[in-house]
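K.L.:
Pasting in a structure now, in structure tokens, and then I'll have a few things to ask.
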């Protein structure tokens with residue numbers, strides 16, 4: 001195997017929980033990407049206007065952000081985390097099954113809000129639990145985790161595509177002109193930005209003819225094994241109420257000693273005996289309590305803030321680029337035909353998924369800090385070249401693929417790097433997940449408003465600015481990393497900045 005025996009042993013010992021968290025993130029990806037392609041059919045189902053149906057986007061994104069903030073509430077015990085994941089993944093299956101029954105846009109928005117809360121909890125808890133299990137070795141497993149969300153995001157539009165309406169799915173006397181523009185409208189729909197589509201006459205009354213319900217029921221069935229997998233993990237750990245009992249450790253003492261690095265054995269024996277009362281990985285509101293700030297240095301806060309700002313920018317770029325690349329391509333000066341331009345978002349997400357797959361072995365050989373540096377520099381250079389060759393359709397496709405590759409591993413690499421700096425204390429996972437979610441929502445809305453006022457060329461200018469800011473914030477993070485207190489036996493044990501000994505033992509903690 002391309003990794004060493006120690007990491008391989010930890011993976012084998014934690015195989016079931018690791019695969020479970022990966023499958024839950026597949027559920028997250030399945031849910032995050034289906035709404036865009038199916039939104040016009042859902043508009044027909046609810047007989048609503050374009051401006052009304054885009055509120056469904058907002059309800060999902062806002063509650064996803066809220067769920068990410070609150071996800072850390074369930075970290076206090078393994079049982080709480082697993083029950084939250086079970087409820088969230090089951091909720092996603094139920095949402096897929098219920099969506100075809102929603103014939104009112106308000107009801108649909110509420111259902112999607114529930115899905116958003118479930119997705120936010122999955123995002124925070126899955127990242128937290130993998131970091132807890134693997135700690136210093138978590139980078140490779142986080143890369144795999146985010147590959148599965150990309151895989152799910154690629155699969156759900158493919159499932160939906162055969163069931164999407166080729167003509168307007170509300171039959172009336174005025175459907176002919178709108179039907180010819182239906183693919184263009186579908187690719188251009190974004191949260192709160194249907195203004196450039198308002199001149200298309202889409203009827204709201206008439207006979208509804210759509211088969212998109214079958215796509216949702218298929219996705220509900222595909223997702224159903226995920227909550228079942230979480231339930232089996234709960235059962236194995238004897239956390240199901242009807243099967244109470246003490247759970248045996250996944251590693252015996254002898255196996256634990258063999259798996260530990262030679263230099264860590266004395267440290268490990270202390271860690272195993274110490275109760276697991278380490279503070280950290282709280283929900284966002286608990287993180288902001290003043291009692292958690294007492295005695296902490298400015299570098300402690302700076303690492304959290306700069307790490308979150310890097311992901312605010314990079315995840316914001318993912319949201320705004322995937323959302324507006326089609327609209328940019330069909331406008332002058334490129335004037336790409338609608339059908340060809342429609343491949344750009346798929347190309348972007350395809351290379352994000354490919355990049356995450358490639359990053360799994362690469363992250364074992366390369367430090368997370370180096371990977372983030374390559375990512376942010378690559379994003380900046382790609383946007384610069386896109387601006388230079390802004391009249392080239394060929395380079396637009398090349399640049400889109402390149403941008404997807406460089407953005408693919410930024411989040412898991414930044415999470416692993418920041419957690420390493422903080423020695424798995426603080427609130428890095430919650431803060432970074434929240435910062436990324438805010439960036440994806442805010443920058444998409446900001447860029448949409450700028451494009452509306454300044455024209456399509458500002459799309460690349462905004463990307464260049466965001467890439468430059470991401471690089472700047474990363475430079476600050478490197479500076480604060482140097483300032484942050486390093487583990488040392490000379491540090492006073494009562495110092496709030498002293499990194500506690502990490503439980504790097506491969507044991508799946510309860």
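Each residue, glycine too, has its Cβ placed from N, Cα and C.
Keep in mind that TrEMBL annotations are predicted by a computer and have not been checked by a curator.
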K.L.:
To which of the residue ranges 170-191, 192-213, 214-235 does TrEMBL assign the term transmembrane segment?
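P.N.:
Going through 170-191, 192-213, 214-235 one by one, TrEMBL flags 214-235 as transmembrane segment.
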K.L.:
Pick from 457-480, 481-504: which range does TrEMBL record as transmembrane segment?
P.N.:
457-480
K.L.:
Of 105-126, 237-258, which range does TrEMBL call transmembrane segment?
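P.N.:
The listed stretch tagged transmembrane segment in TrEMBL is 105-126.
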K.L.:
When you check the transmembrane segment (395-417) against the transmembrane segment (298-318), do you get at least 3 Cβ pairs under 8 Å, counting only pairs 6 or more apart in sequence?
P.N.:
yes
K.L.:
Using Cβ distances below 8 Å and needing 3 or more such pairs, separated by at least 6 in sequence, tell me whether the transmembrane segment (21-40) contacts the transmembrane segment (214-235).
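P.N.:
Yes, these stretches are in contact.
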K.L.:
Could you check whether the transmembrane segment (105-126) packs against the transmembrane segment (429-451) - three or more CB pairs closer than 8 Å, residues at least 6 apart in sequence?
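P.N.:
The transmembrane segment (429-451) and the transmembrane segment (105-126): touching, yes.
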K.L.:
Would the transmembrane segment (457-480) and the transmembrane segment (81-99) count as touching if the test is at least 3 Cβ pairs under 8 Å, pairs 6 or more apart?
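P.N.:
Output no: the transmembrane segment (457-480) is apart from the transmembrane segment (81-99).
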K.L.:
Given a Cβ distance threshold of under 8 angstroms, which distant residues of the chain, six or more beyond its ends, lie next to the transmembrane segment (340-358)?
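P.N.:
Those are 33, 143-144, 146-147, 150-151, 153-154, 157, 183, 187, 318, 321-322, 325-326, 329-330, 396-397, 400-409, 412, in sequence order.
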K.L.:
The transmembrane segment (138-159): which same-chain residues, six or more beyond its ends, come within Cβ distance under 8 Å?
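P.N.:
Contacts of the transmembrane segment (138-159) (Cβ under 8 Å, skipping residues fewer than 6 from its ends): 3, 7, 11, 18, 21-23, 25-34, 36-37, 126-127, 130-131, 215, 218-219, 222, 346, 349-350, 352-353, 356-357, 359-364, 368, 408-409, 411-413, 415-416, 419.
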K.L.:
Determine whether the transmembrane segment (298-318) and the transmembrane segment (81-99) share at least three Cβ pairs under 8 Å, counting only pairs 6 or more apart in sequence.
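P.N.:
As far as Cβ distances go (cut-off 8 Å, pairs 6 or more apart), the transmembrane segment (298-318) and the transmembrane segment (81-99) do not touch.
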